[in-house]
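As annotated by TrEMBL, transmembrane segment applies to B:12-32, B:38-55, B:62-85, B:97-117, B:138-163, B:193-215, B:227-254, B:260-281.
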Amino acid sequence: MKRRTFLMTTTASALATGAGAALAQAEPPIRIGMTVSSTGTFALAAQSGLRGVEIWVDDVNARGGIEIGGKKRKVELVKLDDRSDKTTVPKVYETLIKDEKVDLLFGPFGSTLTAAAVNATETAGKFMVIWSASADSIYAQGFKHIISATQIAGSLLGQPGVRAIHALGAKKIAFAYLDEPFPASLTQGAADLAKQLGMEITMNEKFAKGTKDFNILIQKARASGADAFYPTAYEGDQMTIARQLREANVNFKAVYLVYGSQPQFLQQAGKDADYILSQTLLHEKINWKVTHGLNRAQMMERYGKLFPNAQYAADFQTALAYGAGVVTEEVIKAAQSLEAAKLKEAALKLNDKIVTVTGEYQIDQTGKQFKNAFSIMQNLPGGGLEVVYPPQVATAKAVYPAPAFDQRK
Amino acid sequence: MEILVLNGIVNGLVVGGVYALIGMSLTLLYGVLRVVNFAHGEMVIGGSFLAYVLFHAAGIPPLLALPVAAVSFFALGYVAYYLLIPRLARSDDPESMSFLMMYGVSIALAALMLLLFEADSRSIDYTFNPISMKIGPVYVSTARVVALAITIVVSAAVGLFLFATLPGKALRAAIMNREAIQIMGVDIVRLSAFAFALATGLAGITGVLVALVFPAFNAFSGPEYSIIGFIVIVLGGLGNPIGALLAGVAYGLVEQLATVFLPQALAQIVGFGLLVAVILFRNAGFMRWRVGR
């Protein structure tokens, strides 16, 4: 979308929402500010998330708004463009706070932009709801008025896989990871949990970017006596690992590849993908029993109605942002105020009391999200996928131990 | 540990064989034309994508893609020579200019592959039957055994060509003294075009083998293979095809065996350490071969 078109659309929809609210009732709307990237690296993901927020705004306004002090107030979303530029973000958030006089804020997309926004919101004493920033560093700086409503922290991203493998009965686990921040952080968190659960870590080895051959690494993992193999890298490396496991006839009871259920991986890996465990957040088979807001099917239906011309289908960014809206609504209701300190206090009191489309909600004082964990999938021969963990959303029992390669059809 | 070492040796031979082919074609180009082909990795990955397209669009298995890659890349190389190289000869410093130009070609080829195949990694969902074979206590993928056999056959054929045929001898003579063979009446332009085409054809074959040995590749995989190619030709002696063959195998073995004894992340350092040692103590390469200038 061109910037001018984006701004015009944004202004028009904001005016329309504002005018509608003014006509409908005397109570002023709750103004929520956020930035969205109309261009640049984060444009696709940011706009995907925006549509999730807009689904929530549409839904909450259709129900008459959020009740504060016995009076219902509609929600007005004020969106400005950040052009995926972290140097622009602080200024735009200042504009939202000082000129647009928003009551609270949603974060921009991703850790990079959120880290740039949070100083502005914190300095102004405004409450910010984060929906897509996983970097632990954001939550380690002592900010008082932020919460990650739905996005689990980066160091916890890899833990559901370990929990699932542990629940299956694996006692020994071998880790390997690409020496880059995301795989390293994910593996560190996963290995920490494995230790806490009493599992024996038989190997924890990193490999450099550009590694093309994983045969020896795979053989080392086997020689270490591991029940489960947990190598983390990006899709290309994981395709190679899956193929080389099969070619070398190296059998583990469980193999966990973080991207193993992504459509691209499944399409390219073919039979190499069979029985592999992986994680994802939005899939037709992941259906949380939501306590607040729309469930997955309803959200998808609403997406189709509100955005019939959207270039892409709803994805996990949409779900994260929609879920963040639902959490925000409950926080405002519980706080009965728009003051940052009261909102944060209410947000903490809601721990374990909300289940949204992306799962359960639990934060700590820093605002870091501990739940909303990804669900664990297992690829079945023929291309089927089943949810195998957590039990609340599981659709099948995992095949464990996975059949040896020479016994597979 | 014995099994790991055996695995390391087998893998080293297979991976080294692929490195050797990359090095051999790259060194032919440098030896005959003094062209520093920074786009060689992209040419190799082009061969992988050709095998991918032939398999997914027409069901042609990688083994049958080999002759298609060899012929089509040879022809492309021949055309590319006349489009790109003669102009370089008119510059003051053809070697530096060739480096800059081929760097540009590498970016253009990567962009073209990105346009055609997007940024996602690709893999050919093809396996031999049986998928692996047991050699002693070690399981080796059939694809790797086949790749090693093809590497040996291709290397032997290139060796035979270079040492037992007149055009091959002319190529070796051009590597040794480019001016002298022109005095002897050899058409250096035609010979150079042939060398460029041969090297590109070998890159195409190597690409198909890369798709078999390292299953996932993408539009940005090229530079990794270019760097390996340069390491191999420095180890083997610039412009020395046989040296490149030996150096490729040696580099593959060192890299894989280092992985057995050291963390994977350190294994690459060992390979580069070998390169630095050769440059410091034996700068004409394993074979003590210097290109005539």
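In case you wondered, yes, glycine gets a Cβ from its N, Cα and C as well.
All annotation found in TrEMBL is predicted automatically rather than curated by experts.
Take the transmembrane segment (B:62-85) and the stretches B:38-55, B:97-117, B:193-215, B:227-254: counting Cβ pairs under 8 Å, B:193-215 has the most.
Between the transmembrane segment (B:227-254) and the listed ranges B:12-32, B:38-55, B:138-163, B:193-215, B:260-281, the one holding the most Cβ pairs under 8 Å is B:12-32.
Residues 33-43, 45-46, 49, 52, 84-85, 88, 91, 218-220, 222-223, 226 of the same chain sit 6 or more residues outside the transmembrane segment (B:97-117) yet have a Cβ under 8 Å from a Cβ within it.
Between the transmembrane segment (B:12-32) and the transmembrane segment (B:260-281), the number of CB pairs under 8 angstroms, six or more residues apart, is fewer than three, so the stretches are not in contact. Here the transmembrane segment (B:260-281) has Cβ contacts under 8 Å with residues 1, 4-5, 7-8, 231, 234-235, 250-251, 254 of the same chain, all six or more residues outside its ends.
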